[in-house]
Every structure is written in C-alpha cells, then in structure tokens.
Amino acid sequence: MVEYKVKVTTGDGLFSGSSDYIYVTLIGTEGESERTNLDNYGLDFMTGMTGTYTVTNPSSLGRLLLVKLEKEQYLFLPENELFCSKVVVTTPEARKIFEDELPLLVDHRKKELELHKKLFQWLVYAEGVTHINNATEVSALPSEVQFSFSKMSEFIYTKAAAIAELKLKCLVNSTEQWKDLEMMKTVFWKNRTPISEYVSEHWKEDDFFGSQFLIGSNPNVIQRCTTLPLNFPVTDEMVQPFLKDGSSLAMEMQEGNIFLCDYKRLEGVPTRVVNGKPLPLTAALCLFYKNPEDKLLPIAIQLEQQPSQQNPIFLPSDSKHDWLLAKIFVRNADFSEYQISYHLLGTHLLAEAFTMATFRSLPIIHPLHKLLIPHFRYTLQINLFARKRLLSPDGPLANGAMGQEGLRELMKRAQSEITYSSLCLPENIVARGLESIPNFYYREDGLKLWKIINSFVQGMVEHFYSSDSEVSRDSELQDWINEIFIHGFLGNNKSGIPKRFDKVEEVVKFITMIIFTVSAQHCALNMGQFDYGGWVPNNPLLLRKAPPTMKGRSSMKTILEVLPNISTTVNNMASAWLLSKRYSDIIPLGTYPDQHFDEAVPMQIIKQFQAKLSYLSRSIIKRNATLTLPYNYLNPAEMENSVSI
C-alpha cells in the first residue's frame, strides 16, 4: 500500500468552514485513488483550521496531476459552503499551458478559466474609466476574495466607534459654520497622530505647505519648471523678493530650483450645486522655489487657469489672510486630484483590473497566478465597499466638491492621461525632473523599493521562463495582458501599455509595475490620509465660497466662511481615520502565509526578497529618527501586500 498525506486548510473568511462531509480523490498519471472521506476525531474544516489526513492506494499513482474535492450534506444538518484555501499533497511544480501535454490537464485548465469567467465578470463603471467587477453585494463575491472574519469585524467596529464619538459630540449632522479654528481641535480627541498634531499647528507656514508636495499623501503632481506656462504670467518683479539676493526667476529655473503644481485637469469639471450655486473647484497653479536652505517655498499662486484682473496672482507679500486663503484653495485642488485621479483610479481601480484579469486568464497552477495572487488580497471587496460607501450619492466623496458627475468626469480625464511610463516610478521621476530635489523621501524610498521588487520579479519570472520564445508561446499569459490592456486601459494604444508580450524582460517590467502599484504606491497614497487630512483646513474635501477675485478683502471670517461646515468637516475626519487605519490582520509586503510555491529556487528568491525589504525597513527607521516629520509610508514593514483598505 502507498500512503499519501493530505493537508487541507480552511480559509479564514466569513463562513469559510463547513459541517458537511468532505471527500478527496487523488488523480495521477498511473490512475486515481479511492474516494476518501476526510474525517479526524473532533471537528474538521472549521474556519482557519488545517487538518492532516491519510489517503492509501494499492500502488503508486505516478506523477500527481489533480486533487479532486467533493462535498455532501451531513445527515440532517443544512448544507453549507466550504472555502478551502489550500491543499498540500506533494510539491507540484507550477506549470505553463504548453508544458501540460496531457489532454486531462489541458481540459482542466480550460474548465477552471471558464468557471472563473462566470464568477468574475467585467462591468463598465463609467464611460472612459477602467472596468470593474460586476458584483454589487459582498455576497456575490466568491468566498476566497472576501474579508476574513477578523478583518470584517474590525472594519465595522472602527467605523462605528468613529461615528459614535462624533455623535456624542453632536457634530455629525451639524450644518453650522465653525466659529473658530480652535473648535476643530476638540474633534477626535482620542484619535490623533504625531503628524496630524504637527499639521494642526504648522499648516499655515510656507515651508510646511511646500514640504507636503514631497512627503505628504500626494507626491504625484509637483514637477520641475523650466519654462513658465503662458497662462501663468509670473514676473521677476513679483517674486524677486522671495529669491536669493541678485537672482532672477530665469536664473533659478536654469539652476533647477523652480517647481510647479498645475491642476489644469480640474478646469471645467462640474461641481455640486448647493443653495443654488455650484461649489468652487479651482484649476490652480502654484509656483515653488527651493531656497539655499533646501526648503521648498510657495512663491506665486493663480487660482484659475486663465489670467485676468479677476484672477490675480497671489504672493507671500500679500496680506496673511489673502495668502492663506490662496493656499487653502490649492490644497483643495490637490485633495481632489489626489483622491480621485491618483488614489482611487491610479491604485484601487487599476488593482481591480489586474485582479480580474488574473482570475479570468491565469489558472491557479500558472506560475504568474501564484506570484501575483497574494497581491490581490481583499481588493475586490474593498473596492466594492468604496463604491457603495464613499462614491454612492450619500457617500463622502460624492458629497465633496464634485458630486458623482464631477467624479466620473475627472476619472475619465485622468484615465485618458495614464501612461505606462507614469506608472513606472523610475521613468516617472525623470519625466517630472525630480531626480535631485532634496528631502523627497517618496522618491528615495520608492526607487529603492522598485529596485528590490524588480530584482525579486526578475528572479521568479526568469526561473519559469527560460527564453523569450516561452513567453510568446504562453497563450494564457497573452490572454492575461490583453484583458488588462482592453479592460484596465480601455485599449488605449497611446498609453504605452503592452497588449502582448514577446520578451522575458517585458513580463518582468510589467509585473514589477503591478506589485509596486498595489503595495508601495497605494501605501504611499493611503496611509497618510489622516496624518495630513485629519486637520481639514489643510486638505479640505470642499470649499463653500468662490475664490477671491481681488486682493485685500480677506479676513479670518472669510476663511471660516470658505471652509466646510461642521458636519462635512467631522465626516471627512472620520473617513480619513477609517481609511488610513492599520488593521491587525495586515500581511506586509514580502510575506506569504498562504504558501503558493514549494520549489527550492522560488523559496530562496522569496527569502532574498524578504531580507532586502528588512534591510530597507531598518534604514528608513534609522533615518526617520532624525526627522521632525518622519516619512514612513514606504516602510516595507508597514506596507500591505495588496490594496485592502
């Protein structure tokens, strides 16, 4: 008799366990085993449980090909589902489709993908925007992509606790205006961070204002300015007092010390109508100067794209209230671009497209499915929640400046401008001219992470694809990238996204981009939401009055009238706290508790990956200890493997 040890692990999601009978059949090149009931003493197949069982056969089954699990109702108990997260019988090598010559295996791969294409169906979310999964309720998602019980419980509790605290303060439904800024500091007295405290004290200061565009939650807009836009007529006379002695704007641009944030994509985006008037959303331009002390300082702000007498250029020498109000409008523009174009579209929705294509085109035995699937944990459910709770008509984002119509218009504009190069950090940094700007820790940590991820992916991909011809022959791989090109990037040839692969290096680069996007890029944008947005005047979701058209007429009363009312402010704070909270079941980048690879070479590559990430984490912690404002959003130890919040 030949004995086979079978380890079966039940998933940790809600309702993963089962009380039904579970049977296994092992199928090999030399035959198949008897159908065996998996039953040990006590309870089996409870949530998160791993059971070990023995399957015997009179002779060897040869090379194992398939493991067949079956479930039958247990006696009189109601039948229920089972989510089996892992079965280990032996160490099957990951295999590509052209390596499976047996008709049985080829047919199995085909049937698996046919099933997944029924379970994971594309839906057009909005015209001109990347496509999404068609599920509208969590129950419609397959169990294996749903939250674990602990994640779901903690998610619900955190939201309930935040809302309860606000209700106790009688703030959540208040339409009143803030009487003074100090009142805001009483909100969320328990839920503060060192950075959010710093922001509330220093948000008016120019050097802090400038630093946020490098180390805050949105490092995506700023770029080096070598020539002023024609619609931004800043003169030497205006800004010379803020430059070093004897210098000029032209000289500073030539030396690489002038930078620009241009929010032209916001021009004409429709906004919500409140009390008969559309809310303001300025397509602002903000000019910065890196001074000899390496501080990045704002030196000129224009709040609309077209210059005119009613659209003055604000300067640091204007009255303190004029200048502060101009900066508030810039922060509102930045918040709108950040949340919609870069965070929602550039990480969440792209991650959903990558997830969908992987389930639909790569069977679980495919090496790239095994490589990528840990990086898609919880993505479909968190995105479904985002659409139901944040983007719904009564959600906080849809009740910001833009409303649903504006949100979709901005996403459509941003989608049309996504390029492959913009998603690849090394190319993005060069294109924006940010190779040498100091104190840009997003760049410093991000480029190191990109290199580490790229080395890891290169080792894995080259292990499974020994030549370019193997890439070309892999029909499942070609279907996968074509699905991403069509549904993720809408078949836009101008984007530079490949529609097929012909070389190993092309696969390496694309998968590096995916893993970086869903882990590092998402973490950089997500984890600082409360740090920099918990103090709402610094990152306002909306502003209530139009921008000033003349100088010298602003006061603190004007600023309070412009800022969101109490209800909008506290709900914005609650959302920022919920979305940037670190949950207890985080799986950090490079950690793979569901072991998809058992082969020696991939296991060694994973160990090397983890060692490099650990070294980077220690170096970031050491650097942060010397900084007034530490930058921890790209610390691998704090970074989740996937878009899961």
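Any Cβ shown, glycine's included, is placed from N, Cα and C.
The Cβ neighbour count for Gly17 (Ca(2+) 1 binding site), using a 10 Å radius over every protein chain in view, is 21. Per TrEMBL, Ca(2+) 1 binding site is recorded for Gly17.
Within 10 Å of the C-beta of Asn40 (Ca(2+) 2 binding site) we count 10 further C-beta atoms, all protein chains included. The feature Ca(2+) 2 binding site is assigned by TrEMBL to Asp39, Asn40.
The annotation Fe cation binding site is assigned in TrEMBL to His343, His348, His522, Ile645. Around His348 (Fe cation binding site), taking its Cβ as the centre, 22 other Cβ atoms fall within 10 Å, counting all chains.
Within the domain 'PLAT' (2-118), the DSSP-based counts of helix, strand and coil residues read 19 helix, 44 strand, 54 coil. Look at TrEMBL and you will find 2-118 tagged as domain 'PLAT'.
The domain 'Lipoxygenase' annotation in TrEMBL covers 95-645.
Considering only the binding-site residues Gly17, Asp39, Asn40, the residue whose Cα is spatially closest to the Cα of Ile645 (Fe cation binding site) is Gly17. If you count neighbouring Cβ atoms within 10 Å for each of the binding-site residues His343, His522, the highest count belongs to His522. A distance of 43 Å separates the Cα atom of His522 (Fe cation binding site) from that of Asp39 (Ca(2+) 2 binding site).
Sequence-ordered, the extra residues of this chain that approach the Fe cation site, with Cβ no more than 8 Å from the Cβ center of His343, His348, His522, Ile645, are Leu344, Thr347, Ala351, Ile382, Leu525, Asn526, Leu579, Val643. Nearest by CA distance to His343 (Fe cation binding site), out of the binding-site residues Gly17, Asp39, Asn40, is Gly17. Mean pLDDT, taken over the domain 'Lipoxygenase' (95-645), works out to 92 on the 0 to 100 scale.
Applying an 8 A CB threshold to same-chain residues 6+ apart, the list for Asp39 (Ca(2+) 2 binding site) reads Tyr21, Tyr53.
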